[in-house]
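In what follows, a structure is listed as structure tokens, so that the remarks can point back to it.
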Number of protein chains: 2
Amino acid sequence: MKVVGIIAEYNPFHKGHQFHLSRARELSGADYVIVVMSGNYVQRGTPAMFDKYTRAEAALRSGADLVLELPVPVATGSAEYFASGAVKMLADTGIVTDLCFGSECGSLMDLQKLADILAEEPEEYQILLRKYLKEGMSFPAARAHAVKDYAPDLASDLLDAPNNLLGLEYLKALKRLHSTILPHTIQREGNAYHDTTVTDGRSASASGIRDSLMKSQGVFTDRILQQLPFPELYKDYEGLSPVSENSFSLPLLQKLRALQDQPLEQYFGVSAELSNRIWNRLDEFSSFSGFTDLLKTRELTRTSVSRALLHVLLDVREYKPASVFRVLGFRKSSAILLKELSAHGNLPVITSLSQAGIPPKELYADHLYESVRSLLHGRPFQNEYRRKMLVI
Amino acid sequence: MKVVGIIAEYNPFHKGHQFHLSRARELSGADYVIVVMSGNYVQRGTPAMFDKYTRAEAALRSGADLVLELPVPVATGSAEYFASGAVKMLADTGIVTDLCFGSECGSLMDLQKLADILAEEPEEYQILLRKYLKEGMSFPAARAHAVKDYAPDLASDLLDAPNNLLGLEYLKALKRLHSTILPHTIQREGNAYHDTTVTDGRSASASGIRDSLMKSQGVFTDRILQQLPFPELYKDYEGLSPVSENSFSLPLLQKLRALQDQPLEQYFGVSAELSNRIWNRLDEFSSFSGFTDLLKTRELTRTSVSRALLHVLLDVREYKPASVFRVLGFRKSSAILLKELSAHGNLPVITSLSQAGIPPKELYADHLYESVRSLLHGRPFQNEYRRKMLVI
């Protein structure tokens, strides 16, 4: 049995994702597709615009056989933590044989070569890296220059693209785990991640779709709908303020006020320096995103700040890989996968939270998400304990 | 030196309060007026619609000589706690000679007589009370009937009016403290507390003014302005959503989600039964006021529920009387009062929070209030540590 794994956020699930899903199956010749997906919070250090069940359902309807949820510290970790936690989860299944990820370059050979250099750091490369660092370059710049000198045949912009970087981390993680999972990459079609426009006839990025929805204040225009494989999944969202980090401004501010002047290094991803900056600038807080902008520095990216603030808000103290397989949904026709997962996986399979005896603290992040959403959208609260796994 | 004390909320300070202030001075023949006033949270178990500095300033401009702040557990306690804490604060000053409070009945003799009965509970009264309780009456009803039988000359509706009830508690507190402070009462003019209309030519209640502002969405109509002695004090509020308990819906929900399923009896005013009701109904939370309505029962008034929820939100664990005199402001011409207070008072006088070394935890309630207000009104945050005492 061949099973291909996909690591995803699907925020929201668009036609580019649909294309990737079917290409992954073809390319790997897999019988089944398992997706490990972020839950209600994503890697940019923000809440997802669409709840995890909506996103999982879109994936299942588009051909995914099983969707597992990445735990919050993995889903909201830096690229290295994210990749490491997601790859470990796929490896822990015991049944995933292949991994297929999107990249800007589309060349597994190039990425593998680069990953080997970065993971092994050969002597010659190290000398180059140190030289450029001594010249005063930032680490990413010095690394790019050292790679260019060491392996001039590699495209020089490999390290400039976010999906290439994530792909490199997947490859490094596979290597670190001595995994037999076979990697594949698919060149991303359509707009680049940073291109936030939604254009007729081309695939938009998830980021472009989110930006369009922010601008339209939650109205799903025809252009947006064209990008979404199952538009009917979003009827609960139509015309309502999109969930964004700024929907969490007051909760974040309240949490910070409650902790005021305590050291925040106890939270995942918060340095002593950032903790000080937070307390020094707290009176200028005007929104989650505004505060993130205030705190970022040349050394500390906006995204790292956002992740750190999110970890304070959600009470995430440390990185922890998944300790269970949380099943968001599966295709009835692929129910065999769940049995295989129980038989071969390294972690217990959770299909019902109330039966699994998970304490409320573990579900705080989800309950906060649904609390904010219920007040923002004036809709009933969805209790995570009572949510049923999706069966398509 | 004669000093009259006034216990107040001034939410907002209106012309009826102005009248009470000058009548209190006349009636007591006092040289000075000291007001002990709620801070940013009030006795109904809600945030004040207007911040404490605005309210203190209106009182000072209207003739109060010194405004001291009641601590949160006193200001948001039941009538008994509120009265007890406020009267104790006046007694602790060592310089207050008189207390003047408003009441619906306007007769100190009647209130004093009733207070004596309720405080001493003579044998005959106790028998009557037990009889009516046995007949299945609620406690307030049984008490009213017992009083009527025991002292038929007292007006039977004395116990029906909220300011009479507070007045009774003031008198009981004075007695309990063996205080020499001389009480006076002034009949409240204008609309009753429960009459929430603002009518031309008559004094509106603070509650009526607040309701009008909620209806006008923060627009100060001429009718509202007519009731406010210094309309210019409200320019920061003009046209902005009034601060209400529902401005605190998300913070309350977040706090409850963070505590989920833990017993809440550790908070002031929360019974085991209410704690259970909170957890059983939490998924139905739609707003602070909506949740209060959901939780109230025949035995547990809406106000007790609101106070209890506020105590959970603000982390108020127990009733504590004032341990300091927190000065909100004073009249320059009455600066002597501050010296007298330092010389004769039982508690330290705090005129600067940063110098007094108060920890942030003690100011959490104020900082949360200003946090919510800053995001609601899009105005800069007011840091309580850096607020200057008002000097008029």
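Cβ coordinates are placed from backbone N, Cα and C, and glycine is handled just like the others.
What TrEMBL says about this protein:
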type    : residues                             : note
BINDING : A:7-20, A:Gly102, A:Asn163, A:Arg188 : ATP binding site
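Sequence features, as recorded in TrEMBL, placed on the structure.
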{"residue": "A:Ile7", "record": "ATP binding site", "Cβ within 10 Å": "24"}
{"residue": "A:Tyr10", "record": "ATP binding site", "Cβ within 10 Å": "25"}
{"residue": "A:Phe13", "record": "ATP binding site", "Cβ within 10 Å": "31"}
{"residue": "A:Gly16", "record": "ATP binding site", "Cβ within 10 Å": "20"}
{"residue": "A:Phe19", "record": "ATP binding site", "Cβ within 10 Å": "18"}
{"residue": "A:Asn163", "record": "ATP binding site", "Cβ within 10 Å": "18"}
- Where A:Ile7 (ATP binding site) sits in the secondary structure, as DSSP reduces it to three classes: strand
- Item | Secondary-structure category, per DSSP, in which A:Phe19 (ATP binding site) falls | helix
